[in-house]
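*Asks:* The following block contains the structure, expressed as structure tokens.
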């Protein structure tokens, strides 16, 4: 039995588009509905209860659109709201932390893993917990990078300022001898060239959002809700709460879709 309803993706802003890009590549038959709360981004510094509230508002919006699965394409929201939402709604819900942690454990050789994320994600300790459940002796070095999300949201991710900020921030890993770095925020793959330049070629970079899409693929098969294979163009829809122009610019730049349907919405 197939299910041609869309998959819903939600994020604090544009970062979840990195997950959508991977979904479009891995799951070409699926339709994407995306909500980005760009007006209230970033979520990282916000109180836990507020992040839960905002995430639930986006979840309710997507449920009204009859999505068949929800992907919390935001590490901060995954850290604080995933379990509550899983218990509350009846469709499958996927977060981005456990898939990223599993991928890091597969790739590390020296059991020294770095994790970069928002203040909220790092302070939650969810990556450390997820990694240590499977490998208690692995060293995990968490680093909050509060300047990264604003750079991406303002479309400055290819600027000299971005290069300098990435250099100054990631210098904290000097001497830690990590061989694997989890980009524990879905905004960060937009900074990947700068992160790669700073960390060097010997450090494996993990895109937690891309890893989550592999889990989505497995769950579509498990629940028998994958869409029918068809050559028809998909009617992807994107919803955001803030600037339509910046969202459209980054969407075009990152997703390479010419005619993208972007709608500005107001969440309760």
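Glycine is treated like the rest: Cβ placed from N, Cα and C.
Per TrEMBL, active site, proton donor/acceptor is recorded for 74, 185. Annotation comment: TrEMBL describes 11, 12, 43, 44, 75, 76, 186, 187 as substrate binding site.
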*Asks:* In Å, rounded, how far does the Cα of residue 44 (substrate binding site) sit from the Cα of residue 185 (active site, proton donor/acceptor)?
*Replies:* 10
*Asks:* Might you list, by sequence position, any residue in that chain lying six or more from residue 74 (active site, proton donor/acceptor) with a Cβ less than 8 Å away from its Cβ?
*Replies:* 10, 11, 12, 15, 16, 43, 55, 96, 185, 186
*Asks:* Counting across all protein chains shown, how many other Cβ atoms sit within 10 Å of the Cβ of residue 12 (substrate binding site)?
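*Replies:* Neighbour count, Cβ to Cβ under the 10 Å cut-off: 31.
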*Asks:* Under 8 Å between C-beta atoms and at least six apart in sequence, can you list the same-chain neighbours of residue 76 (substrate binding site), or say none if there are none?
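*Replies:* In sequence order, the residues whose Cβ lies under 8 Å from that of residue 76 (substrate binding site) (at least 6 apart) are 12, 43, 44, 51, 117, 118, 120, 121, 124, 185.
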*Asks:* If you draw a 10 Å sphere on the Cβ of residue 11 (substrate binding site), how many other Cβ atoms land inside?
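*Replies:* The Cβ of residue 11 (substrate binding site) has 33 Cβ neighbours within 10 Å.
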*Asks:* So the record assigns 11, 12, 43, 44, 75, 76, 186, 187 to substrate. If I measure every Cα pair among those residues, what is the longest distance in angstrom, as a whole number?
*Replies:* 12
